[in-house]
């Protein structure tokens, strides 16, 4: 075993890369859950985004178009969930599961011809001046544009939820949909929009994996990241900044275990590969003591007659 | 303008009709999908739903129906108990894998001893393994209020890695020339879950599935515990006043579903599959979720739904080899079924009214 093979600067830089898909999916799901909807289909939307983005990027040669297609793919799939839960008033847990199973199936079907293909390279965007800072510059300011976008999205979601009228309405719908309805807000419309935003974010997160992090297409390649993103929202007590913190933590665990695998650490590969899931469970146990910050209407169906 | 009006009580008629309607809608949408893939939709649907039962080669496919259906029914029966009470065990795939590892582990530890009690001991070990794996989310939920959905699902990934580690490590066949995978239990008479009647597909797993259906039916309709499960799902507040202890219910529902999934895994590994290998996990644990809902969480319904789902598996394989239909199309087909099922379920609880003009809601 050779610990010196692990370079801390590269490790931290790849931590950010590993954290980005998680951050994107989790911040989207945070908005959905803030509006009072529990969408368990994150994994399905991510994998659909991953293949939509990959297919379009390979066919057009433009990774940016791929990202756009991924966001749209995720949003369209989430619309199915929205129709089921908001109009047909189906159980949200079951509908989310259905979305994941459906997404895994449709992505496998769409991805048939793309096994083994290579995605067009994604350009790195060094931020001028800042990226020249030794070590820190390489870790934080020498990434692709999606990393910065994910960070700005977190900032944006935090600002909107905390300081704007739109954010207030969204939170009102999530805390008490009957009261929000009585005040004249369109509960269903707001929730559908939130669900689609979450779908687009999850799709982007998926495409980040298939276009930038791996960059290849394999069936079921998201391997539970969507579910970890769901756990992350609980971990973060529905607060955007803590989602960022959590994403970095999980990204770090994942990168560390991959590096330990590569360095030939004395623990067998399979047990190292378990660690992100085990740590997710551990974190869930620690955080589940505090349930006060969950939106009060989370997971409940709304119908104007009730 | 379409308006939904809540029914005072769920409609009895639609409760029975919705699964049929969902299957029909899935056939139509699936047919469109197959047509889009350039296959004759009528031939594809006939291949999936008709050929396994009535074609000239049906004598070969009919036994497969039992082999594929048994694990689905066994797992879905367990899941349905929890789903009825709002306890969501979606990690049956993990419990299935761990059950198989534990059960096969007993046999492989005692190899090559022949004893009449070996197979029963394996069944018990498999059930215990699955149960213990399901007890992790159950105990965490009872003790700390942790979300059982996420924990049970995370444990699927842990179980898959455990399986990979077992296949190349502890349970690897010492005479396997270095290939991953355990000894083949089909060649170990005491541990082999052989067909009870040759050529029928009937093995002990099928018997266990039928017993589970009867057991679940009696439990839900004739026993206080079953009444408590139904009550908790339908009226949680009333259940609390009636003295239902939620912790006991969580432990029972998750434990039972884990034990049944573990048994399903054991019957599979000692029979049709034969060995612990890296690709042992076959997705039965997830498909069983669809089976449970398609069967309306009712034991008899699940039996029928399990048969139907087994049919799509076998028909899908035939369509794959005869028509060149991709295997993922069948996966998508099964996913669609759950979608349509949830969508048409609105008819059970709501009346659809057509009004002439938009009203002020």
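Cβ from N, Cα, C; glycine included.
Where the annotation comes from TrEMBL, it is an automatic prediction and has not been curated.
TrEMBL assigns the feature transmembrane segment to residues A:192-211, out of the candidate ranges A:172-191, A:192-211. Tallying C-beta pairs under 8 angstroms between the transmembrane segment (A:243-265) and each of A:6-25, A:64-84, A:96-115, A:192-211, A:271-289 places A:6-25 first. The stretch in A:6-25, A:37-58, A:96-115, A:192-211 that contributes the largest number of Cβ pairs under 8 Å to the transmembrane segment (A:217-236) is A:37-58. Counting residues 6+ beyond its ends, the transmembrane segment (A:271-289) has Cβ neighbours under 8 Å at 224, 227-228, 231, 234-235, 237, 246, 250, 253-254, 257, 260-261, 265 in the same chain. Pairs of Cβ atoms less than 8 Å apart link the transmembrane segment (A:192-211) most often to A:64-84, out of A:6-25, A:37-58, A:64-84, A:96-115.
Residues 38-48, 50-52, 54-55, 58, 77-78, 80-81, 84, 217-220, 226 of the same chain lie 6 or more positions beyond the ends of the transmembrane segment (A:96-115) yet place their CB under 8 Å from a CB of it.
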